[in-house]
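Below: one structure, written as structure tokens.
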Amino acid sequence: MTTGTDGHGRVSVARGYPLAAVRGLALALVSLPGAVVCFVAAVVSIGLIPIGVGLVTTPYVLRGVRAFADLRRVLAAEWGGVRIPRAYRPLPKDANPWGRTFGMLGDPATWRDLLWLPVDMTAGFVTALLTAALLFYPLEGLAVAAGLWRVLPDPWWYGFVPVSGQGTALAAGALALALLAAGHVGALRVLRAHFLLARAVLAPGGSELAERVRVLTETRRDAVDTSAAELRRIERDLHDGAQARLVAVGLDLGTVEALIERDPAQARELLARARQSSAEALTELRELVRGIHPPVLAERGLGDAVRALALRLPVATEVNVSLPGRADAPVESAAYFAVSEVLANAVKHSGADRIWVDVHREEGRLRITVTDNGRGGAAVGAGSGLAGVERRLGTFDGVLAVSSPAGGPTLVTMEIPCG
Amino acid sequence: MRVVLAEDLFLLRDGLVRLLQAHGFEIAAAVASGPELTRALAEEEPDVAVIDVRLPPSQTDEGLQCALEARRRRPGLPVLVLSQHVEQLYARELLADGSGGVGYLLKDRVFDAEQFVDAVRRVASGGTAMDPQVIQQLLARRSGKDRPLARLTPRELEVLELMAQGRTNAAIAARLVVTERAIAKHTANIFAKLGLEVSDDDNRRVLAVLAYLDHGR
């Protein structure tokens, strides 16, 4: 992705050789102790979670690890032209230590950081040091050839050349020049390799992204299909229902106008019919509105909407709600219709005589469970109402889990992220 | 009889004012929002308040909240709540204080002026006016096979339904075209079958029936 153009690469190789070596040296000096300290601190802190201390320290340690990795991301971009994407999940601002710790530990990016630390203290350190060595080792060779050999112990091994006199010193100088040439060509590449190595470990995997794209494409198509079908249904209902009835009302009133003096009795009859039609139109509109966005949901939010829903069921239903504040309207609506569908399913198929609904919010997720004491055997199969619920929730990255052994009980769990 | 009216849609407010005035009510105040309603209820001391559930500025159940708050401050203040939809949840909240003088009707019920005005009067005199839809939902929920309601005859169920709406024996008799004595007999049978205590007070009787239907005692 970030290989850069060949021409540009050569120019920077020529110019950046000594600079790359100095940077390599700096990286080697930082990466080994930095990675070791971070890694040890992280392992110890996570190890201390069971006794509680780790709950407090882990978020700080992991934040330190992130800062260390972030520094490498910046250097990778500036020194090597390698962009390492940063993909940490946002943490809720008001989370407690428990939420922060497990929020961070639940993030795959955290585990990539921790995996990268041992890689950095070994292979990362070696590649950084090699970059430095490609400049400093030839310089030593040249110094030896220039006369430094006289003060060095005899024999002084330079590479594979045992230096013991001016002749072998010159051979060492020749080797140094060869290394210098190699460094000229390779130093920046080795430095780049160091950053590419970091990217290979730190960047979210390609397959993960591809999977995400696949899921998004699918749920978006579902969402578009569903809403188009909904609009068609609403249009049909209005057209055949309320609209037609209002036309009839207008017609009747027109006739009443003509009849009012000639035939008051029939006029009164028509008036009654007009009133009846308008009442029916209202009833239909009310049902339609309930299907689009239930009034209680608009007036009171999800908790009371689910309570009102439960009161309409023919099965005794207990509702428990613990929701601080209100979620976004689309999330509330999706959750409401999901619960509504699951409850309808339970009433229709389970044969249960008790249902329990629990709605609560924890760590930025809306969690709803519906339990019934019916005969079980529910499944998220094609054509079942639950498949529709799964699709509906999918649009919001929500998930549906069904546990329904034959003989019951059935437990349906839904989770929707809600910021 | 002095009425405070709260309805945000001009056409409906205007229509209700006309309707009530035509039937001899005095409109003490006709307001269009929650804060105005709270002020009018405190200042006008009306005999009855007719309130739309959904009111500005919040466009939530502000009218209902105002009504409940006003009844907390002045227990038994007669309120008739109107809505485009009826919910048992709201009915339960209105009935919770057990002091009567409560109405909860669909807006459609104003189509039948006589019945609507009758409901306003009933509420103003401390009675109850529950929408038939609320009662039907309650009955549907409590009419399983092995429930006490299954022991009622169809006629008794009919009487129970009308009684739960808040109607007096006389009104029920007129509606079913029978004598008041026949209704009194049905009522006694219903109370015996459901194990409720008989009360001569119409209003207390209605509240007992509603409580029975909602919670099964």
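Backbone N, Cα and C define each Cβ position, glycine as well.
These come from TrEMBL:
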DOMAIN    A:330-419  domain 'Histidine kinase/HSP90-like ATPase'
TRANSMEM  A:25-56  transmembrane segment
TRANSMEM  A:114-137  transmembrane segment
TRANSMEM  A:157-182  transmembrane segment
For the transmembrane segment (A:114-137), sequence-distant contacts whose Cβ falls under 8 Å of one of its Cβ atoms, 6 or more beyond its ends: 17-18, 20-25, 27-28, 31-32, 34-36, 38-39, 42, 65, 69, 72, 176, 179-180, 182-183, 186-188, 190-191, 193-194, 197-198, 201-202
Segment-level pLDDT (mean, integer) for the domain 'Histidine kinase/HSP90-like ATPase' (A:330-419): 87
The domain 'Histidine kinase/HSP90-like ATPase' (A:330-419) - residue tally per DSSP class, helix then strand then coil: 31 helix, 30 strand, 29 coil
